[in-house]
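The structure appears below as structure tokens.
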Amino acid sequence: MPMNSYITNALSDFFFKYETPRQVLVRNRRVGVVCRLIQLGVLAYIIGWVFIYEKGYQSTDTAVSSVFTKMKGVGYTNVDGEERVWDMVDYVFPEQGDSSFVVMTNYIITKGQKMGKCPELYPSCVFSPCLCLAAPLHRPPQGHMTGKCVGNTTKTCEVVAWCPVEDDHTIPDPALLMSAENYTLFIKNSVTFPAYGVKRSNLVEGIDNQYIKSCVYDPTTSPLCPIFRLSDLVQLSGFNFATIAKVGGAIGIVIDWTCNLDYDQSECKPVYTFHGLYGNPNETDMARASVGYNFRYAKYYMEDKQEKRTLLKVFGIRFDIIVRSVARKFDIIPTLTAIGSGVGIFGVATVVCDLILLYLLPKREFYNNMKFKVTETVEQVSLSF
């Protein structure tokens with residue numbers, strides 16, 4: 001056969017002929033039931049898991065978010081006859097309305113500190129010779145040790161430090177700022193889903209100035225109110241306010257935006273949840289290290305041309321506001337992908353049933369002959385004389 005005719009026939013067969021696999025109808029109840037059960041399971045997986053639970057017909061996007069906070073409330077203390085009023089500038093750290101901040105609930109104050117030489121708080125002297133060493137059983141020194149032992153009855157090390165040194169051995173109990181339970185926290189959160197061009201705020205439809213002036217968050221009656229009472233936040237996170245106010249702790253406020261944008265945008269609303277991060281008073285391991293949350297800060301001033309400071313060891317509740325977001329919307333691409341993968345999984349039923357027919361049933365040789373057609377190739381040998 002000439003080469004050009006061979007190529008022409010091959011191209012004609014490729015473009016104008018269709019091949020289909022041979023199918024064998026097997027009348028076997030057990031194999032049929034197995035096949036339908038597998039197909040039913042695959043169909044349930046596609047409909048129930050892929051489409052209903054995992055929303056396989058939708059594309060997803062996460063939000064770009066910003067959080068603004070504002071504390072309100074006034075605290076009052078009367079320590080040793082000294083009255084003082086604490087406002088939000090005094091008890092919130094930092095003051096700028098960040099998404100992570102601390103509300104002071106207790107403190108230890110050391111007034112009138114100035115730079116000089118003074119005795120350490122705990123005994124830490126070795127008397128032969130008179131050397132001062134840091135006492136490992138207590139705490140590191142609060143200043144630079146001069147090597148001298150001072151004091152008449154109880155010998156302690158002399159240090160160069162801010163004097164007098166801080167004595168934080170006894171934590172005030174109950175907390176000095178128990179009135180913090182009546183403080184209120186206002187949260188303003190906005191999210192943007194850039195893939196869909198959707199912008200939302202936790203001040204959703206129906207929340208106006210009049211509503212904000214009178215509402216306080218309640219998970220049942222006012223789940224969308226953006227104003228929270230501190231005592232409610234502590235309670236909803238599983239803590240006791242009196243205990244956590246004494247030594248401090250941390251609470252996470254989660255704002256969850258899970259939105260189905262196939263519905264109206266007004267249905268996209270936040271859900272608030274509260275979690276105790278650490279400082280749980282119900283823990284039985286009371287010997288654990290670093291209980292609660294505290295830090296120190298100082299206020300400096302000049303007196304008689306000498307720099308002095310007031311040192312505060314602050315015990316407080318740290319609030320971390322965490323925004324979680326996911327928006328979903330119908331998209332033809334993931335829909336076709338999910339359908340295509342599901343159709344492919346249907347082939348599992350064919351593979352399992354073929355294995356049963358060809359290797360497990362008594363008439364497997366008969367089914368093998370029916371499924372596969374074996375041909376023998378006869379080679380024609382032309383003899384030339």
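The first residue you see is number 1, and the count goes up from there.
Glycine is no exception: its Cβ is also placed from the backbone N, Cα and C atoms.
Note that this is a predicted model, so its numbers are computed, not measured.
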Per TrEMBL, the disulfide partner of Cys215, chosen from Cys225, Cys259: Cys225
Record TrEMBL, residue Cys118, disulfide partner from Cys149, Cys157, Cys163: Cys163
From Cys268, Cys353, partner that TrEMBL gives for the disulfide involving Cys259: Cys268
For the transmembrane segment (31-52), distant same-chain residues with Cβ under 8 A (at least six beyond the ends): 338-339, 341-342, 345-346, 348-350, 352-353, 356-357, 361
Alpha-carbon spacing, Lys72 (ATP binding site) to Cys163 (disulfide bond), which is rounded to whole Å: 35
Which same-chain residues, if any, lie at least 6 apart from Lys313 (ATP binding site) yet have Cβ under 8 Å of it: Tyr107, Ile108, Ile109, Glu166, Asp168, Asn294, Phe295, Arg296
Spatial neighbours, same chain, of Cys163 (disulfide bond) - Cβ under 8 Å, 6+ residues apart: Gln113, Lys114, Met115, Gly116, Lys117, Cys118
Rounded inter-Cα distance in Å - Cys259 (disulfide bond), Cys225 (disulfide bond): 19
